[in-house]
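Here is what TrEMBL says about this protein:
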- A:18-302: domain 'Protein kinase' (DOMAIN)
- A:24, A:25, A:26, A:27, A:28, A:29, A:30, A:31, A:32, A:47, A:48: ATP binding site (BINDING)
- A:143: active site, proton acceptor (ACT_SITE)
- A:304-362: region 'Disordered' (REGION)
- A:315-337: compositional bias 'Polar residues' (COMPBIAS)
- A:338-356: compositional bias 'Basic and acidic residues' (COMPBIAS)
Ligand SMILES: Nc1ncnc2c1ncn2[C@@H]1O[C@H](COP(=O)(O)OP(=O)(O)OP(=O)(O)O)[C@@H](O)[C@H]1O
Ligand SMILES: [Mg+2]
């Protein structure tokens, strides 16, 4: 590529590479379309960033978009969604992403799919590999949850939705926002330490996802922040000063019932001892003692049998496959619609969790 | 850290040899002058056409952009050195612009990192653009606005307009923001030497005894990092190398012998590699020491010349912009018609199915 091409020309060329087709989804700050790369016929997702009016009027490129673009431009990994191209058209920013038609939430919820220990191990491995890549590049995801782990036709799992992500590693970073991570996956320190936290928050979320894969239902589904803490303490025991040095100081204005800790094995009967051990290390109260991505990837859970299922042999959603086959005939749109509706319902449930998701968080 | 640097967009797209950097600037400049020249000629033709017609009603007359008395063929375009000098001037304004904001914003929002990214954005922007298209004052403000966003220190555009008493409206800045973002290829992550310098500071604290001196060296090295941002070092060297060079300059200045530390730190490195590192550090040191800011009177002089050779296409009131606007509207109309026709045909084909 020549570096002397004028930016506008370069961008026009990029825009012309893609054909935008129908709308397939809508998030808080973007509309998502299916598209095709003309030259190769490759299906892509085109994410059109809305121009969001905030309480103080428009502020140019949407902050979540800036965050997402900033992170994805740096990350290249098989388990992180690929940002193929970016262009702007009439003051709208468009992100061209690889197209992935399923996600872990759909798979977990689809009770017609059976999955087994090696499958779970495979999803966990891919999640942790992707997350390790983010952390190695000083990027905190801050919104790890099954819905943001997209799954491709080849079974590869990819971390997506970097709208809340930010780069970390600044030794003086203090002004971190506490309003991150959908509540069910939110690490306990986020409820207490509003502005100082680190990579460990993502690990907690992965722990919750691990538990959800084992249980086939969200592990700690609190209905309010306080209820969430109660739930965590009920499940894992109210932290003592020993579990989490400094906890009593952090929680000094709040009173919590003292729950004692039940061994995880009681609740996760089907899980092997290695799985339980890893889960325990991810759901450790003290963020400084919580396992990190590197250590987790080296954990005996991944080294011992059974081996993780190869991605292309992982269980898939029937619906999606039918849908893919029917894509050329018109009625398939209906299927897509149903699917989206299902997600929208689920979304409505989560909306209360997310209502804090405002624009001007830094 | 070293291997990781090669994974960054900074390494992939914004890291060059000296020769390559020079070549990029030259090609950018040559093509810019050529393009602006063409537009100026086109504008002159259009202006002639307009005034040849019967006197138009007031208000329809396109503004005379650039100096009317100047014959297009006599216009003197900025030289590459002029643009570099002016860029140099305006980037040094970023820390000064900062001081116009209330203290609370200065302290909490415009951190070293935000300012460093803003300066980097300005420099990267003009590797691919010309001041004859976009005036550095507006670009500098836009880059600071964007850097505050990308470094998670968001400051509303209204504050910029209020505290910087600029004529430009927020819509102008939003348009420029996209133009800047595009020119940066949306690569917002910039790695500065600050983090590496901090790492060195911590490392030196454990390896050496004199804590007070080390603190002083660290503080002084930051001043040299600030200064390095105004130079080309960011395009030529890795942030960790720049950090090491600035720490070395600071130590020398404070009469502290870093040799023993360097020996501990690099004792496992092969000699050839080490010699190369010292060569690089010497080069960085030379660039930083030789840096001279552009004096105000020189900036003013170049700026005055810039006003005579601006691209009329970027002035919304020029004849050429008006013509472009009409053309665009025509295209959009055609586009709209085309879409409508396709839709009509589709509806018709549907009806035919049910016949
Ligand atoms: N890469 C992709 N491939 C296929 N479909 C996608 C892709 N990215 C997004 N989608 C679809 O578009 C929808 C909207 O995506 P988006 O990431 O903007 O928001 P979201 O994650 O659903 O919600 P939120 O913005 O609240 O996090 C998704 O729910 C999904 O159906
Ligand atoms: Mg999502």
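Positions of Cβ are set from backbone N, Cα and C atoms, glycine also.
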Cα separation, residue A:143 (active site, proton acceptor) to residue A:28 (ATP binding site) (Å, whole number): 14
Pairwise CA distance, residue A:26 (ATP binding site) versus residue A:143 (active site, proton acceptor), rounded so that it is a whole Å: 17
Maximum Cα-Cα separation (Å), residues A:24, A:25, A:26, A:27, A:28, A:29, A:30, A:31, A:32, A:47, A:48 listed as binding ATP: 14
Residue pair the residue listed as 'active site, proton acceptor', residue A:24 (ATP binding site) - Cα distance, angstrom, rounded: 22
Site of maximum Cβ density within 10 Å, from recorded positions A:26, A:143: A:143
Residues that sit under 8 angstroms from residue A:32 (ATP binding site) by C-beta distance, when 6+ apart in the chain: A:23, A:24, A:25, A:26, A:45, A:46, A:47, A:48
Model confidence over the domain 'Protein kinase' (A:18-302), averaged pLDDT: 90
Among A:28, A:48, A:143, the recorded positions whose C-beta sits under 6 Å from ligand 1: A:28
Among A:24, A:30, the one of these binding-site residues whose Cβ has the fewest neighbouring Cβ atoms within 10 Å: A:24
Residue among binding-site residues A:28, A:48 with least C-beta crowding, 10 angstrom cut-off: A:28
Assigned element (helix, strand, coil) containing residue A:28 (ATP binding site), judged by DSSP: coil
ATP site, defined by A:24, A:25, A:26, A:27, A:28, A:29, A:30, A:31, A:32, A:47, A:48: further same-chain residues with Cβ within 8 Å of the Cβ centre: A:50
